[in-house]
Amino acid sequence: MIEIDGSYGSGGGQILRTACALSTVTKKPCQVFNIRKSRPKPGLMPQHLLGIQALSQLCNGRLEGDSLGSEEIKFYPGETYKDRVSVNIPTAGSITLCLQSLLPVALFAPSPSQVLQNKIWEGKPVKIFFEGGGTDVPFSPTFDYFRYVFLKALEKMGAKVEVNILKRGYYPEGGGRAEVKIYPSKLKNLKLIERGQLKKILAISSTSEFLQKKKVAERQISGIKGILSSLKLPFETRIEYSKTNSPGSSICLIAEFEQVIFGSDGLGKLGKSAEEVGRECALRLLEEEKTKACVDRFLTDQILPYLALTNQKCQVKIPQLTLHAKTNVWIIQQFLKGKFEIKDNIIFWIPFE
């Protein structure tokens, strides 16, 4: 059993998500202790608990210590997989963070020739349905960033994932709904050293109908334009108002280069003008653009497990290695045979022979 100290590095829920996902893919049971030890409320919060329980359900695994506030769990991955999982999130827990555990496992589900619960897989996707939860909530990627930035990076590695957002969910009530289809895939190596010329920028401004009279979505776009107009590049906008349980707004900027896509996102907040939300998002994108990297700093952290799961040499030019990314590097090397190296802001995954 692989033992993981949950207080290592950034010490957050990411350690739990990555460890349990890699435990399932490698079929190596794991024990995670000191879960969120340094946080104001240590231990498992509802969204962490729901995430690992959904993962256990997907792979027919077994959990010990899976209760609210628990600072230690043991996870025993199963040998068979379900092809359909429903995740009910009664709070505004993040849907995209939950997917960080489920996605790598579903991608490495059994091949079409393997038997699954007395049925043949037949190359069908793993279907994950979310009822409740937050699509765009603090401390997690917005759903638009997830599907238009993160998933685009996985597509370059051969992954096929289809997503459909049925209802936006904002803090505090959540109430989001989404469906995700993940096709079992064999990932190929990734080499991103040059990003090419910037072709266009897409801005997606999403807001609940509660805020339509105040034109919050349009004002977020206005804030972005004030910053990005100097680039004199094709600039597309998409405005969306939808019925939600709680009022809220999100903004996502997607920068499309010849070879890569990266982005930035942000959320509306009481006391902060919609224009300022847009401006801050645009300034973050400009900061990422100046690094000349091929991924933004958040995407760096998120794709690391997938680089290692290719079991092939990979290299990606990154802006920096954040504490979150360093923590992910450490966890990955506990489960997979290989090592990460970084030189001149290029991170290498080198599998052991």
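Cβ from N, Cα, C; glycine included.
On a predicted model such as this, the values are computed, not experimentally measured, just so you know.
What TrEMBL records for 8-342 is domain 'RNA 3'-terminal phosphate cyclase'. On the 0 to 100 pLDDT scale, the model's mean across the domain 'RNA 3'-terminal phosphate cyclase' (8-342) is 93.
Residues or ranges marked as ATP binding site by TrEMBL: GLN100, PHE298, LEU299, THR300, ASP301, GLN302. Cβ contacts within 10 Å of PHE298 (ATP binding site), excluding its own Cβ and spanning all protein chains shown: 22.
The domain 'RNA 3'-terminal phosphate cyclase insert' annotation in TrEMBL covers 194-288.
In the three-state DSSP classification, HIS324 (active site, tele-AMP-histidine intermediate) falls within a helix. Of all the Cβ atoms in the protein chains shown, 19 others lie within 10 Å of the Cβ of HIS324 (active site, tele-AMP-histidine intermediate). The active site, tele-AMP-histidine intermediate feature in TrEMBL is assigned to HIS324.
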Per-state residue totals over the domain 'RNA 3'-terminal phosphate cyclase insert' (194-288) - DSSP helix, strand, coil: 34 helix, 35 strand, 26 coil
Rounded Cα distance in angstrom between GLN302 (ATP binding site) and HIS324 (active site, tele-AMP-histidine intermediate) is 9
